[in-house]
Amino acid sequence: MAAPRPPPAISVSVSAPAFYAPQKKFAPVVAPKPKVNPFRPGDSEPPVAAGAQRAQMGRVGEIPPPPPEDFPLPPPPLIGEGDDSEGALGGAFPPPPPPMIEEPFPPAPLEEDIFPSPPPPLEEEGGPEAPTQLPPQPREKVCSIDLEIDSLSSLLDDMTKNDPFKARVSSGYVPPPVATPFVPKPSTKPAPGGTAPLPPWKTPSSSQPPPQPQAKPQVQLHVQPQAKPHVQPQPVSSANTQPRGPLSQAPTPAPKFAPVAPKFTPVVSKFSPGAPSGPGPQPNQKMVPPDAPSSVSTGSPQPPSFTYAQQKEKPLVQEKQHPQPPPAQNQNQVRSPGGPGPLTLKEVEELEQLTQQLMQDMEHPQRQSVAVNESCGKCNQPLARAQPAVRALGQLFHITCFTCHQCQQQLQGQQFYSLEGAPYCEGCYTDTLEKCNTCGQPITDRMLRATGKAYHPQCFTCVVCACPLEGTSFIVDQANQPHCVPDYHKQYAPRCSVCSEPIMPEPGRDETVRVVALDKNFHMKCYKCEDCGKPLSIEADDNGCFPLDGHVLCRKCHSARAQT
């Protein structure tokens, strides 16, 4: 039968060993395991004793102890309490089934020789590898079980390569649980006594060394169904009580398994990092089952099973993320119009225009340089490209032709001055400059021109006090010498006949005000009567001046002197 089983054996082997690995007695419980088929990879060498015992108790479904939560098998559960504990444990892939149900399973009878095929759980998960062959494969002899284990290991290897678990998890489909026929035993009922899963697993594993290799694949399968049995599948216990025949009726609890699958995936992810160490002290919790099998079993087979389960879980998460790609496509669509839109074309056109303009700008100066074939600015002879030339005053000259306009000195590499469009050396240019009327030096910088002469600004000063006259009023005397206003009045202004002071303009004024009477000059303040000192008016009225014998008098004093 090993040859026809390969496909179905993949699922069957995954489920059956998970439950019956520690003790061959629980091998018939494979029916509930198919639901957990995503956990197939562990079939190669899962923890033989511990995992198998718990798997048998919680997952097998053959015996009444399997709780409804752990096993969503169609048959009604015989033991509700045990089912509940197993269901909680089954929720997480790594945790083994509840200890109560698991303890009875470890003492599984040798009748496990009848090894049911777990294809129905694969179909429930919706994995492509799930075999359609639900009928269990009875194996009454231990030797046949060994052969079946070998076939299961090969099938599990094929399943790991194909990764059917991802498809199963992603689909989320939970086919009705089909329990393969198995031989139930009274050991399953003492599930309450098996609350402590660790001791029972250890004892059965030690008692029966040969069934342990079979239990390794069973433990992995058992952990997987536990993830699903979050839905309380009481029919699992009934399936345990029922013989192999009722396993075919498992499809009824399919809806329960469907919710279990999603729960299992998150639990597995949580458990996968520290499954073997942490959950050991908590046998009732979902995390506990994985710890017990790891401690009881050799340990080498169980880690691969967990890793395989973890790998399966990762694909599940990826499948959940797959629906997200459409928004990414929408983003790409938005970007696509922005990137390849007309804006990019316009920018390209602008760049092309700029490059063309730059090329044209560069070509024009090159053309000018090409047109350098000009004639000399002095001799009008053409200039050869290889011949050195001097560019000055906007023209080109032969080196021998670029000379001073006056002394004919070559000016190449020297400072020169331009005067009326002709080059001059520094000496000749200085000779052409005007000289200051005061110091006689050529004026090379600023020049002040006054009275028809050129001066340095600092040389144009008053001839009396030498104060600078730039920007101020000045008066020139008869010798054409500049004077400041005060010095000029002091020297040339008329003097008052009374005070003998020069008559000067008042401060802030440029005009001079004076009174002339009897051929004499007076200040306004000095024009008054000589006898009484009364100010006289410049008007011809009674307050005016009444001269008498050369004296300036008022009318009253004039009358008094005239009577005498």
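Cβ atoms here come from the backbone N, Cα and C positions, even for glycine.
The asymmetric dimethylarginine entry in Swiss-Prot, when matched to the candidates Arg139, Arg244, Arg509, corresponds to Arg244. Residues Lys256, Lys528, Lys556 are shown; Swiss-Prot lists N6-acetyllysine for one of them, Lys256.
Of the residues Lys25, Lys263, Swiss-Prot records the annotation N6-acetyllysine for Lys263. What Swiss-Prot records as phosphoserine, among Ser11, Ser144, Ser269, Ser500, is residue Ser144. Around the Cβ of Ser144 (phosphoserine), 17 further Cβ atoms fall within 10 Å across all displayed protein chains.
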